[in-house]
Each structure stands twice: as structure tokens, then as C-alpha cells.
């Protein structure tokens, strides 16, 4: 038996350290490992007076909350008990050296097949705030999604007063039909898919929809308190306006990155984005119940779910007669429903998004690349594919199907994961590294569209050396209608250094870039009929998808991939895949 003998000073130091950990755990900064298990199972759920079987995590809709601190390691075992293939994406997580855990099917992994499991293993490095997780295959994320909340380290705090309470608010969409059947039918016919039957707040449609007063999200608050609302847009295909009657909000965070606070009574949020706001409740409210509403922002030419979701803000106040808690039914007939901007109010959206600025402080600097190694100009928008022979299609014409593309390349997903092919040097024609850095044919992008709307189809990537500084200008096009596109980049945050309407002017527009405190995000809305410029440093080796977060556009091919090569140092290299990586 070994006996350890400490000198008196060493013993005192050990005792002091143990006591410090016990008495002051907030000063311990080492991350811990947190284990979760996701069982993918079917569950019957009733909404809008209709019961349907949906795919869930652990029988919950929305799915369970994943909670961690900055520096923690997450080990999440996903077991697939359903007939659908599944993969889970941890939206916004940098996945430094852990690209195998990113989740998009056929990009960083083959999907998890029926009866199989996969352990997502990653460490949260340098991030804190609100993110989310969701399925990343076909339209499975219609029901497979949930919040991913990252608290600061124990010895850190928010750069604002700690709120009284924190509440996730997740917007979603509900289909009475099976969403896999919806998108599969659209891909066969070439038409736009059927739209959702309602929007939801935390899975509930609310009193403005048929038969749904009992299924209303209620946010119960106390007077004179500050609440942090962790707002997530998990809707498949819609940007949303959001407002709470007679209340203002202070925006303090976007995509798990602190921003300079600003006041607003309406927020705009695209699918994929998260926004933290501070809601200060009234000290002496004149009433106890207020309506909150969300409705789409839409500028395209297709059909969309033109409905409004409502929830209730309820004061718990001894000085007023609060609504009886025993009643689940909510009537809003006598309540004021707040107004929202017009559905196509691009000017409001532009003014709102221009308010976002990084803190750019000593503790939270804005490390925007000043010198750019590689410039890219990407057109993003819709197009068409020819209808197969002897078939009538329902796309833009009877002889075409809807498609979508980046630089006119509509990405075809391979039949095995890109990351595996790259890592094991077995591309063998699975992909080519000749993705165009500029459009092969230039035209008046936001003017009269060209007669030929056909896209090219392929699996092309951009290869970047490690630590390359990159600028990407993403230009919306008017082909089949100008439209806002929420572009999400996996594995990275980026700085939004500029945006505008019309065609990007490479001579004059860069002079107006904000290189001092541009907002840092992982998802940005390309303005309808305009452009946005982003910059990032390619410091995370692997294969990273960039795509529109409207799932209909993603299904039509509006996506591309970056391969970032290894650096020279050990911590600059992608690690080998885990032993349980799913096979195709």
C-alpha cells in the first residue's frame, strides 16, 4: 500500500484547495462532461384536433433541453428506434477538431439507420448563450428540435444584469400531413410543397387556430422583474416577426454571441437564428394578460403559411385577480392583439438587422479579419431543372421542376459522407474541388431575370488552406422572384461586415463596410433583392456545409461545402473518426 506524506505547507495548500472548491464552486473553471441519451421514438400527438404519429426525442415535442457551460464536454448518445434515417446537428457549435459530430447527413456523417446508435462527442470552446439542436436530414427537423443552452463559466457572468428567470421560446411549424410525404411529393412533381397548417410556440398552436385554445403557450411573470427570453426560430420555411403587446424588449444576444443592447418592440428572426432578449415587466400593470404574436415575413412568389401564432403573457399579481390557473382554455376576444409590420416589409427587416453590433470590448473583442486572402461572390436563389421525359411537372412551367442553387450549382448530396471521403482520401469522383468562386455567367442579378433559369447539378466544394481569411458576398437574385434567404455556415461564426439592396458594387460598397463592431453570427438573412458580405477565418479543419435554412430551398439544392485543410500543429488537425461513426 502506498502512503503519501505531505509537508505542512503542501498539506495546507491541499486543504485550502479542497475547501475552496466546496465553498466557492463558481471559481472552478474546468469543464465537466455531461451525458445525454436521445431515444428517437414515435409518439402520437394531437394538435388542431387531429392526432398524428410524429418522430420525437424521448417522446417529447419539442425535444429535451440540452444544458451545459462554456468549456464542458457533451456526450450525447442517439439511438434510432424508428424506420426513418436520422442525424442530429448541434446548430451553431463550432465543433473545433470534432467535425464528425456536426451532424448533417451525407456531409459529416452517414445517417443513423434503424436500430443503430451514434455518440456525438464534442467540447464547447469559447461559446456561451442560446443555440439549438435539430435533425439534419430531409424534413425530419419538423418535429426533431430543441434548445441547447450554454451558460458562462462559473467564474464569469452575463455582460448585463442577471435576469429573474430565463425562458426558451421556440417557434415551429405544424403539419397535419406527414412532412416526409409533403417534401417527397414536391420533389417528384417539381412543385412547391404544401405549406404548414399552423405555427407553434414551444409546440403549441394557440387560440387563433381552430380547436387550439387549450393548446396555448402561457408565459407567467411577476411585476417589476426582468426575464430573459431565449428565442429560437425552428420553423422550416419562414422568417418571423414577433411582438408582445404593450411591452418592449432589449436585444442582448444573437446566435450565442453578445451584442450591444438595443430596445425594440418587434423582433425579426430567420429559421436557424437565435435571439436573447430582456423583457422588463411593468411594476403596476393595468391588466394581467397580454397577447404575444408571431407572423411570417415573406417576399417570394410562392405560397406560404399566412397565419398568425399567439401566446399569452400572464402577470402573477396579488393586486389583481389573475386568471384561474385551473382553466386551460384561453380567450383573447377582449384582449388587444398587437400589430406587426406588413408581411413583405423588407424595409423594416433591413432597419432591424442593421441595429446588431458586436460588443467589441476587451473581454469580447470583434476579431474581424482586416486583410482578406480569398474573395468569393455567390449568387443565391431559385432556378429550375428540366422535367424528366414523358412526365408533366408542376414547377415554374409544365416542363420544369423548381430548383435552387449557389452560383448556379445545385448541390447533389453524395451517397456517402463527404468528410469520410476527404479524410480517407477516397473522393474518387464523389466530389470535385472546382466550385466557382464567382458566377460563371454574370447578369443583372436583381433586374430582369434571364430567359434560361436552368441550374447545373453537381457535388462541388471549395478547398481552403488552414487559417485562410475569407470574404463571401452573397447576392440574392430575382430569378423566379427575389426572396430573403437565411444562410447558415456550419463549424464557424462569421462577421457581417456589410449589406445592401440591388447588385453588389465591388468598387464602392466595400468602402462602407463595418470593420469595427460588425455583428458575429452563424446564420444571416441575405436581403430580398440585395446582398450581404461576411468574413471569417478558416481555422477549423474539416468539411463544412453552408446552406439556406429554408428547408424547401435546402431540398432543392441551395447548399455548398467548404473543405478546410489541416494546419501544421496538432491542435490544428481534424482528429480521426470515432469507432461508432455510422456507415452508409
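Every residue gets a Cβ built from N, Cα and C, even glycine.
The annotation domain 'Plastocyanin-like' is assigned in TrEMBL to 41-153 (among others). In the predicted model, the domain 'Plastocyanin-like' (41-153) has a mean pLDDT of 98.
Taken from TrEMBL, the feature domain 'Plastocyanin-like' covers 166-316 (among others).
The domain 'Plastocyanin-like' annotation in TrEMBL covers 443-566 (among others).
In terms of DSSP secondary structure, the domain 'Plastocyanin-like' (443-566) contains 9 helix, 60 strand, 55 coil. In the domain 'Plastocyanin-like' (41-153), the DSSP tally of helix, strand and coil residues is 6 helix, 57 strand, 50 coil.
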